[in-house]
Amino acid sequence: MKKTLLGSLILLAFAGNVQAAANADTKGTVTFFGKVVENTCQVKTDHKNRSVVLNDVGKNSLKDKGNTAMPTPFTITLQNCNLTAANSSTNKANKVGLYFYSWENADKENNFTLKNKTSTSNDFATMVNIQLMESDGTKEIKVVGKETEDFVHKNATGAGVALTQTHPDNDHISGSTQLTGVTGDLPLHFIAQYYSLGSTTAGKVQSSVDFQIAYE
């Protein structure tokens, strides 16, 4: 009886250790970091919902993957940034820009460009997206989508561990502009262009992206 009881206790202890090890391997912690700042920029009323028309382009200009065509500038203007109140606080931003995102249209497989609309009537072009660029025409804007993964900072190695630096490529703030000395309207300039996924067919092109003011 004693041997049976001892054996049972050993088995229970072993099972407990196995369960503890299993639990350690099947759970974890995600720590989120952020900051609320005093700045209060607003999107100018007539810039909240904009339409940008790209000129028609021949499909031969978009016959190979990665071809771009018809770079078209557009502007989104901010106002009422209230720098006086912000400058009196330690929780102030130095720069402002826009955060472009689309859960539906961001195309992870094609450099986070914007997917063209599709239709059962087959009147939309295929193998073509819309790409957003910074105003210099050289820096691509990667639209944030539901599969964007580069917000995870590799230098935060444990729960509650503060970030020691800001990764320059994963804040996804476009049109970043210094706030110092800004008075009145603050225009932020960007470019939209066609982006080929391969041999583009003729048809309509239409896509959309959401944006929100973001600070640094």
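Even glycines carry a Cβ here, placed using N, Cα and C.
As recorded in Swiss-Prot:
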| type | residues | note |
| --- | --- | --- |
| DISULFID | CYS41-CYS81 | disulfide bond |
| SIGNAL | 1-20 | signal peptide |
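Secondary structure from DSSP puts CYS41 (disulfide bond) in coil.
Spatially close to CYS41 (disulfide bond) yet at least six residues away along the chain are LEU78, GLN79, ASN80, CYS81, ASN82, VAL96, LEU186, ILE213, judged by Cβ distances under 8 angstroms.
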